[in-house]
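Everything on this sheet refers to the single structure shown next.
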Amino acid sequence: MSGPLVSETCPDPEEVSDLKSPLSSRFREPLTHARFQELFGGEKEPELPAEPCSPWLCRLWRRRACSCSGPGAWRVLQARLPPLRWLPHYRWRAWLLGDAVAGVTVGIVHVPQGMAFALLTSVPPVFGLYTSFFPVLIYSLLGTGRHLSTGTFAVLSLMTGSVVERLVPEPLAGNLSGIEKEQLEARRVGAAAAVAFGSGALMLAMFALQLGVLSTFLSEPVVKALTSGAAVHVLVSQLPSLLGLSLPRQIGCFSLFKTLAAVLMALAGSSPAELAISALSLALLVPVKELNVRFRDRLPTPIPGEVVMVFLASVLCFASSLNTRYNVQVVGLLPGGFPQPLFPRLDELPRILADSLPIALVTFAVSASLASIYADKHSYTIDPNQELLAHGVSNLVSSLFSCFPNSATLATTSLLVDAGGNTQKTDGGRRTWGSRLSGVQGDCFKATLAAQLAGLFSCIVVLSVLLWLGPFFYYLPKAVLACINISSMRQMFFQMQELPQLWHISRVDFAVWMVTWVAVVTLSVDLGLAVGVVVSMMTVVCRTQRVQCLALGLAEGTELYRPLRESCKLLQVPGLCILSYPSPLYFATRGQFRHILEWHLGLGCRSPKLGSLPDKGAGPIRVVVLDFSGITFVDAAGAREVVQLTGRCQDAGICLLLAQCNALVLETLTRAGLLDRMTPEQLFVSVQDAAAHALERLKTTDPKICTVWV
């Protein structure tokens with residue numbers, strides 16, 4: 001700044017000026033809409049004739065009339081059925097073969113994983129195949145995640161299995177007859193389908209209320225800690241199947257430790273044959289998973305280790321008669337075709353509604369998070385509310401066909417991306433499998449198109465197993481399915497490798513991750529989720545309460561105001577205090593706001609709790625400027641606190657000026673009675689204008705001020 005901010009004469013405080021310079025010797029008047037039209041002109045809006053109905057009814061009528069028009073209805077239909085947007089632009093000759101290869105690859109993996117995750121849900125393996133068919137088909141029609149692969153998910157299967165075991169426990173007597181065993185399985189299938197129906201209904205209710213924004217409350221540390229902790233539960237729950245032990249499933253809090261204790265006590269009775277099968281299966285699956293990750297850029301398609309393992313184990317068990325000679329548990333006969341549609345029993349819904357809520361939240365959290373990751377990577381957006389609709393309808397409709405809860409899956413989604421569907425945009429120009437076949441460069445693929453068509457090909461693979469290939473899985477040992485469950489948790493276990501980086505970036509997020517993980521492992525998955533969400537929200541509250549009020553000064557040679565703690569040379573004026581409070585002002589922060597302002601203005605003797613603050617300038621404070629640009633919202637308690645502060649400043653002879661209040665904050669303060677304590681001339685659109693006005697007031701009492709602020 002090259003000159004003084006004040007003139008030789010001091011104007012009347014009630015007088016206003018038309019000068020537009022923020023550094024003028026006279027302050028601006030409030031710029032209303034009428035004043036803006038007077039100064040800068042502009043065409044006046046034509047006056048509309050008076051309408052007989054109230055304004056809000058007119059707006060509602062116009063909105064409904066617009067939405068019910070032909071183009072409006074087509075836009076709504078396109079939003080609810082995404083294939084209507086991308087299917088007309090699909091390049092069938094160039095992209096179909098690549099999507100077919102990707103879909104078939106994922107479908108081959110769906111078969112063994114679906115049967116394996118069915119064991120986690122405590123239902124027969126064939127119902128895992130149903131859950132790998134119907135939800136994938138429905139999501140292909142309704143979902144907006146262009147890289148998502150839906151189906152069975154280990155975390156949801158584990159949570160659903162705990163509910164099923166609690167609602168339909170296995171009789172203590174054991175040694176059930178064939179009919180009793182079928183009845184027990186039917187009741188468990190019904191309970192699992194009821195959980196899927198309840199979670200789907202809850203997600204549809206969330207869609208109706210447009211609660212897709214709830215995905216923002218499930219932070220990344222919470223979701224990753226939840227999946228990592230659930231992977232530990234999956235590992236421990238599969239130990240009896242790996243060792244060939246027939247143990248009842250433990251549920252509730254501390255179930256992990258109860259299962260470990262039961263396995264250690266029954267370790268002497270483990271089956272050597274199933275133990276050998278488990279060791280050989282893991283020895284094959286784990287290296288294949290590692291090879292797929294290390295050479296993902298060189299392999300045309302990932303190696304289907306699960307399929308190879310299923311084939312080898314089935315042939316070995318059939319040739320050696322392991323099921324009859326060594327009592328190795330096998331999958332048995334998979335019924336062909338589809339089950340008859342059956343509506344879940346309504347009397348079960350009140351019992352499972354409380355259990356369906358955490359399952360619905362986990363479904364939405366995992367699916368929305370995974371969809372957002374790939375959407376950011378490939379430069380497109382997803383609609384969280386449409387995702388609620390897609391997964392809600394998917395769970396609701398599939399429950400009629402005896403399916404258990406489903407969601408997007410980490411392993412098959414990564415496999416779908418690596419397999420290289422042609423409608424997926426690749427990174428760095430790398431040629432995917434589909435681009436090699438069609439000769440089209442990966443970067444030429446339109447990011448605006450969707451890859452849900454690959455899901456239809458995976459459904460064809462599962463359908464062929466249900467209709468024709470089911471008998472080939474009769475001799476598949478269940479220990480192999482347990483090994484598939486454990487190997488599919490690889491990505492979740494390796495999420496712990498991110499902890500050092502998370503500690504370096506944010507120790508608060510690291511603490512949230514650790515607390516959530518410990519709660520999930522120690523208690524249960526649903527209780528751990530609740531603990532993680534509560535702790536994550538509490539950290540937000542604690543952060544807002546630890547914000548310090550900053551005293552600002554003018555940086556020499558600029559028009560910028562900086563905190564006085566910075567090393568740059570800042571200019572201060574005796575009697576003037578410029579404060580910035582960069583935090584929402586609500587019931588939890590009003591006390592801190594009051595104490596800090598009292599200390600700065602000399603209205604009280606308390607010192608703030610948050611460290612040392614800048615010293616006040618020499619002499620009493622006569623004008624204070626509050627920068628409200630960092631206050632995003634104010635509740636009733638915070639608004640009353642500002643009004644009370646205004647009155648106390650008036651009693652102490654301090655002029656209070658407010659700068660950069662957003663419209664919502666200003667409206668709340670006005671309703672709380674702020675304009676009863678101050679005039680509109682004390683409200684400014686910038687700190688510079690407020691400081692210029694403050695200098696005008698100070699100059700009337702100390703003419704030397706004009707030689708200080710240069």
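Quick reminder: no glycine exception, Cβ is built from N, Cα and C everywhere.
Positions annotated as domain 'STAS' by TrEMBL: 566-694. Per TrEMBL, region 'Disordered' is recorded for 1-20. Summarising the annotation, TrEMBL assigns transmembrane segment to 92-111, 118-142, 189-213, 259-283, 303-322, 444-466, 510-538.
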The transmembrane segment (92-111) vs the transmembrane segment (259-283): three or more C-beta pairs under 8 Å (separation of 6 or more)? no
Across the domain 'STAS' (566-694), what are the DSSP residue counts per state (helix, strand, coil)? 51 helix, 21 strand, 57 coil
Who are the chain neighbours of the transmembrane segment (259-283) in space, where the CB to CB distance is under 8 Å and they lie at least 6 residues beyond its ends? 236-237, 239-245, 247-250, 309, 313, 322, 326-329, 477, 479-480, 482-484, 486-487
Averaged across the domain 'STAS' (566-694), what pLDDT does the model get? Just tell me the whole number, please. 81
